[in-house]
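Q: Below is a structure I'd like to ask you about.
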Amino acid sequence: MPSNKSVSDAPIVQFTNCRILRDHQLQREDLWVREGKILNPEKLFFDEKGSADVQLDCKDSIIAPGFIDVQINGGFGVDFSLATDDFKSGIDLVSQKILSHGVTSFCPTLVTSPPSVYHQVLPQISVRNGGAHGAGILGAHLEGPFISKEKKGAHPEHCLRTFEAGAFQDLLATYGSLNCVQIVTLAPEMRRSSEVIRELTKRGICVSLGGELFRVKLNLREISGEMGRGIRHWFVFPGHSVANLSQAEEAVQHGATFITHLFNAMLPQFHHRDPGIVGLLTSDKIPAGRRVFYGMISDGIHTNPAALRIAHRAHPKGLVLVTDAIAGMGLAPGRHTLGQQVVEIDGLNTYIAGTKTLSGSVATMDTCVRHFQEATGCSLETALEAASLHPAQLLGIEHKKGTLNYDSDADFLMLNDSLYVQATYIAGEEVWRQDVSGM
């Protein structure tokens, strides 16, 4: 049957022999795409009397929504927190390179910096659609500088700021503009933070609690006897904030919806009488209809697998996988930058130079998805949604991103059963494909 051109002259592409992630499960059905959108085949058949112009055999691949990274500091030698003359070419490079990781949209993230850096960098970040040129930009994520000095982690103390008499005006003066901003991470215990959270929320900006994690290296034998004999792990504590649970709940009631870098079972910080920010995962004081999301770096370095399992089982629908990748992602070991700091890559670890404090990661999103699925034993569907549906829901864009629902953007991936990305599509067009010889 010839395709019907009375509705649109755009070609209709039918992806066959595939399993589609839709409604939280893999379904054996075809995917139909036209004009960059997912098409409802029933409307095509019965209303338009049309059919496909092109059929593509997916060879039994999984088709899942494209990944969305809401916290990525840079990569491939590019640091989003450095004001350089070629900043735009740098962000273009990262957006193009992460297509091979399955990322179709992202939030370039700036760590704590002087006001001059925000004033120079933010005007150069523009919200834009993805395509062959690279992943789409959803807006900037500003992690700091309104964070706790006690829990500054890898952020330079001399750049940290507090809310003074101006409160929200202080924030505007620091950043210069909020036109391209999607997420702001701040410490909720700061004086006057509630009014700042309300103002940001009014403007449609996602407010996140916490920030870059404070990491301490512990010998498990010290805390778990024979279980941990001779084993060393990195335990991650929510940093940039010393908020108690009531302060965190108040922040959520004022509009905050995200926890940056959560790690559950925080040893010195988690207390049964006041679990702190982590208590939001099971709090009964979250406003009706509101969901709290939390970011986790599932790279096998930052969090023990047990921590991933605890967080996931406590609040599975809120888990958002992030890379927290720095400029060293995709580069050889050595020294690189993270904003105002120098960091050193040693294998998969990234430290503030001269210390053993972890700072960011060199993880890729597809690696995080695979590790998360392996560490938690969750379903393939659950692992994929933690990097697609959940971040879309966090940002309130699930009507067009993060799903394969009809009329949503045709940003999707082809993956094998081991969750390795085989091809990346944006707006229904192939923008990256794995070289078969490189598999």
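The backbone N, Cα and C atoms fix where each Cβ goes, glycine too.
Annotated domain 'Amidohydrolase-related' per TrEMBL: 62-431, in sequence order. Among the features that TrEMBL reports, Zn(2+) binding site is placed at GLU143, HIS240, HIS261. The feature substrate binding site is assigned by TrEMBL to ALA154, ASN264, ALA265, ARG273, HIS302, LEU358, SER359, GLY360. The active site, proton donor/acceptor annotation in TrEMBL covers ASP324.
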Q: Please report the Cα separation of GLY360 (substrate binding site) and GLU143 (Zn(2+) binding site) in Å, rounded to an integer.
A: 12
Q: Summarise the model confidence on the domain 'Amidohydrolase-related' (62-431) as a single mean pLDDT, whole number.
A: 87
Q: Which ones, of the recorded positions GLU143, HIS261, ASP324, have a Cα no more than 10 Å from the Cα of ARG273 (substrate binding site)?
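A: Near ARG273 (substrate binding site) by Cα: none of them.
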Q: Of GLU143, HIS261, LEU358, SER359, which binding-site residues are close to the residue listed as 'active site, proton donor/acceptor', meaning a Cα within 10 Å of its Cα?
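A: Final answer, ordered: HIS261, SER359.
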Q: Would you kindly give the Cα-Cα distance separating HIS261 (Zn(2+) binding site) and HIS302 (substrate binding site), rounded to the nearest Å?
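A: Here the two Cα atoms are 10 Å apart.
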Q: Sorry to bug you, but what's the C-alpha spacing from GLU143 (Zn(2+) binding site) to LEU358 (substrate binding site), rounded to the closest Å?
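A: So the Cα of GLU143 (Zn(2+) binding site) lies 16 Å away from that of LEU358 (substrate binding site).
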Q: Can you tell which of HIS261, ARG273, HIS302 has the least company, meaning the fewest other C-beta atoms within 10 angstroms of its C-beta, among these binding-site residues?
A: ARG273
Q: Enter the number of other CB atoms within 10 angstroms of the CB of GLU143 (Zn(2+) binding site).
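A: A count of 29.
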Q: Just how many other Cβ atoms lie inside 10 Å of the Cβ on GLY360 (substrate binding site)?
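A: Other Cβ atoms found within 10 Å: 33.
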Q: Is it possible to get the count of other C-beta atoms within 10 angstroms of the C-beta of the residue listed as 'active site, proton donor/acceptor'?
A: 30
